[in-house]
Amino acid sequence: MEKKNLTGVSEFLLLGLSDDPDLQPLLFGLFLSMYLVTVLGNLLIILAVSSDSHLHTPMYFFLSNLSLTDVSFSTTTIPKMLVNLQTHSKSITYAGCLTQLTFFSLFACLESLLLTVMAYDRLVAICHPLHYLVIMNPRFCGLLVLVSFSISLLTSLLHYWMVSQLTFCEEVEVPHFFCDPPQLFNLSCSDTFINNILIYFIGAILGGVPLSGILYSYTQIISSILRVSSSYGKYKAFSTCGSHLAVVCLFYGTGLGVYLSSAVSSSHRKGVVASVMYTVVTPMLNPFIYSLRNKDIKSALWKIIIRRT
């Protein structure tokens, strides 16, 4: 195949979820609705936390950062997909593709690290309640978020650098609804062996280490809860981390499903559908998981509604 230099590649074609023109309006309406619910739900969480002084605690500080990350995570992929569905176009510029994969890597990594930080917060709250406010002071909480963001930013810049060094062949059709680095590696005429090794190594480190931290935290939490004598005490202790555990299972479960589906099946369509789960569905469901199971959030939201009326 004929090679193109970096400046010669002006755009990629995102094949999306389906080529059927009859499905385009249905997909547009479905993903527009899901995106609006995601943005509205997460912004309501942020508004509730910022407006109620009772929620100015480490747990809700991390939750508001997670909600902001969810909005940003969805915004990197869904709006471009909606524009392409509405205009019946599949193109994305070379610069736009690099920008999208950079921000996608940034917010995907940040979500994983924030979930780990939230698990540590629950560990301190349940296992060391008397020292909780001393350990989880505002300065330390801010530092945890800053470190998480810095690691995520470095990871995203590494992804950007790896893709920007590639040369591409005439075939620039990406079998996905966003610019996914592994898919771009497959389109390259360059030798991508090192790139593939590096990206899977990064994925293993930034997926495995946070998940190991979460599992360790919950091992300690469960061990501490089992030592509580009363059933009510056990329920109250575990209820404070039930929502977080549900979000962790949803995020890592769907993310793992993407990699398993791509490993088991050679069908690109199945991988794309699986990717929808953790890029679209998970950010949409997170606000519901936290608000429906959390009396403080529901109370803060009701106060906002009452004030507006």
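All residue numbers here begin at 1 and follow the chain in the order shown.
Backbone N, Cα and C atoms are what each Cβ position is placed from, and that goes for glycine too.
Note: TrEMBL annotation is automatic and uncurated.
Copied over from TrEMBL, here are the features:
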type     : residues : note
TRANSMEM : 26-47    : transmembrane segment
DOMAIN   : 41-290   : domain 'G-protein coupled receptors family 1 profile'
TRANSMEM : 59-78    : transmembrane segment
TRANSMEM : 98-120   : transmembrane segment
TRANSMEM : 140-162  : transmembrane segment
TRANSMEM : 197-216  : transmembrane segment
TRANSMEM : 237-260  : transmembrane segment
TRANSMEM : 272-292  : transmembrane segment
Looking at the transmembrane segment (140-162) and the transmembrane segment (272-292), are there 3+ C-beta pairs under 8 A, with each pair at least 6 apart in sequence?
no
Honestly, do the transmembrane segment (26-47) and the transmembrane segment (272-292) touch, with at least three Cβ pairs under 8 Å and pairs 6 or more apart in sequence?
yes
Checking distant contacts: for the transmembrane segment (197-216), what same-chain residues at least six beyond its ends satisfy Cβ-Cβ under 8 A?
109, 112-113, 115-116, 119-120, 151, 155, 158-159, 162, 181-182, 185, 248, 252, 255
Please work out the mean pLDDT for the residues of the domain 'G-protein coupled receptors family 1 profile' (41-290).
87
